[in-house]
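Working notes for the structure below.
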Amino acid sequence: MSAPLPQGPRPAPPSPASTSLTFAWRAVLKFKHVPEQLFDLVMTPIMFTLLFTFIFGGALAGSSTAYLQWFIPGILVQTTVFNTVYSGMGLSTDLSKGLFDRFRSLPIWSLAPFAGLMVGDMLRHTIAGAIILGIGLALGYRPEAGLPGILASFALLLAIGFGWGWIFIVLGLVVRTPMTVMTLGFAVLFPVTFASNIMVDPATMPGWLQAFVAVNPVSLMTTALRALMAGTAGWGEIGRALLAPAILTALLAPLVLWLYRRR
Amino acid sequence: MEMEPAIRARGLRRAFGDLRAVDGIDLDVPRGTIFAILGPNGAGKTTLLRILATLTRADAGEARVMGHDLAHEPDKVRAAIAMTGQFASLDEDLTGRENLVMLARLWGFGWRAARQRAAELLAAFDLSDAARKQVKDYSGGMRRRLDIAASLIVTPGVLFLDEPTTGLDPSARAGVWRLIRGLAAEGVTILLTTQYLEEADQLASRIAVIDHGRKIAEGTSRELKAQTGSGVLHVTPLDPGNRAIALGILGETAQADPEGARLSVPVADDTEAAAHLARLAEAGIRLAEFSLGAPSLDEVFFALTGKEAA
Ligand SMILES: Nc1ncnc2c1ncn2[C@@H]1O[C@H](COP(=O)(O)OP(=O)(O)O)[C@@H](O)[C@H]1O
Ligand SMILES: [Mg+2]
């Protein structure tokens, strides 16, 4: 080992944007080195899609094709919401391994690592969404609004993923083990995604459950996504879908900052 | 220009619940020196280092690092330090090269300069061949080297090293020692922690001994040895029946190894060791074995506190 110290002068400190970009680059590298993670992201939604379409589809909607029209926007919402768990797990892993100690001891914008996480999440949501949509299209799903509907839907999905992502970033910061983050995450997400209008029309549910389904943020997001795909969306539907993500961001982003700095 | 010490800490405290991990520590580390914090597991070494590196907040006390106040100018402190923790702070999924490029970018290097700096460090740390391997496939020694390289992207004013050689084999340990001496020769102040007296003795110009979050002794290696004895004479009587008599001859600072037949006594120098051996010979006690070694951490603790290390 010889002369490890740099010869030249120190570079000027990087801007918050350049720092965030570096963290985003790290997120992209992780996809390159760990492509298996995509498998985890899409396995369950693909199984759900096949199972519900071919086994329950006929009974629920008259035919598999008719059911696909109903189900694909819903499973896209479910996939996005479920996949936010993974960024919390990744964060918990980074924290438990001491990598964030290195980041926190650098003179950089303290939220930059989270900006990088978010970019990784957006990438994850886009790729997983594209795979599910592709399978849907192959099975016969036809969004009436065509490509513009799809693009608008994906924009909404990203906003949803961004908002819900904060829940698991908070969990990732306070829970020590990645597995616990996952268990806690699914314990919350299973009830809210099943007690929604993703799989079935809530008309046949008992009244108290219908009341919950009607205000469940997952239902509101699914309704808006169906409308975007069908080309019938109004601002009211979109606004209601964005309500939960907006509230979550407003409440949890400052909490994340506080938790991160407090450690 | 008045040169403030690299680190000046007064009354640092940090508790975790009822446990006082750091319980009122003062520290002065002159610039350009190697300073060792010596203590057993759980003494509070890591917590102390983390406080000084802005990673853990202190409950009380104050400190200045390279002239910047820890509480009020944490970003200036961060710009002046680097820390290699007890456990690798690397991204296991990325390659060694990608880890260094990422950190160089975070220090403000452009992409091309970042790749250049990463290549220099990989070469200097003998990691060029492993540059494109994911860190999860690195050996313990390679990981430690990369983790130290990651702290040298820019020249730090103070480098914190938390147990830099724990778990390394002797040749890897010698490599890290050479590196630490080289960095100090270039003017980097080094604050390291260790559980080995020999390591502190070999590297550091000053040593603080801590236990239960408190500093129980501080000085140069020579000053500490004056308190603890510079070494330990180990003797094993040929006839185990003679152990009690031999223990009496060696004096009250002598200790008997609870399992083996070995007796140990701290000595100031070789003359004192020879005198002990002569007295044993006079009493007709034949020895199966004798040796002179550096005192272990346990023995230092025993000498300083009169009790075993926690
Ligand atoms: N985050 C923490 N929460 C609770 N206890 C802690 C935490 N960090 C350290 N401790 C406790 O504080 C004491 C000192 O720990 P540490 O500073 O790691 O000692 P050392 O590095 O000398 O082994 C230990 O008893 C340890 O269990
Ligand atoms: Mg420690």
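Placed from the backbone N, Cα and C atoms, the Cβ positions cover glycine too.
Here TrEMBL flags A:36-263 as domain 'ABC transmembrane type-2'.
If you look up TrEMBL, you'll see A:38-61 (among others) marked as transmembrane segment. Counting residues 6+ beyond its ends, the transmembrane segment (A:38-61) has Cβ neighbours under 8 Å at 31, 67-72, 75, 78-79, 82-83, 86, 124, 127-128, 131-132, 135-136, 139, 199-200 in the same chain.
As annotated by TrEMBL, transmembrane segment applies to A:67-91 (among others). A Cβ distance under 8 Å defines the sequence-distant neighbours of the transmembrane segment (A:67-91), meaning residues of its chain 6+ beyond its ends; these are 30, 37, 40-42, 44-45, 48-49, 52-53, 56-58, 60-61, 117-118, 120-121, 124-125, 128-129, 132-133, 136, 139-143, 153, 157, 160-161, 164-165, 167-173, 178, 181-182, 185-186, 189, 192-193, 196-199, 201, 218, 221-222, 225-226, 228-229.
Away from its own ends, the transmembrane segment (A:126-142) comes close to residues 31, 38, 41-42, 45-46, 49, 53, 64-65, 68-69, 72, 75-76, 79-80, 83, 150, 154, 157-158 of its chain (Cβ-Cβ under 8 Å, at least six residues beyond either end). Summarising the annotation, TrEMBL assigns transmembrane segment to A:126-142 (among others).
Taken from TrEMBL, the feature transmembrane segment applies to A:154-175 (among others).
If you look up TrEMBL, you'll see A:181-200 (among others) marked as transmembrane segment.
Residues annotated as transmembrane segment in TrEMBL: A:207-229 (among others). When Cβ-Cβ distances below 8 Å are used as the criterion, the transmembrane segment (A:207-229) is approached by residues 70, 72-74, 76-78, 81, 143-145, 149-150, 152-153, 156-157, 160, 192-193, 195-198, 237-238, 240-241, 243-244 of the same chain, each at least six residues removed from its ends.
Sequence annotations record features per position, and here TrEMBL assigns transmembrane segment to A:241-260 (among others). With a threshold of 8 Å between CB atoms, the same-chain residues lying at least 6 positions outside the transmembrane segment (A:241-260) that come near it are 104, 110-111, 114, 156, 159-160, 162-164, 166-167, 169-170, 173-174, 217, 220-221, 223-225.
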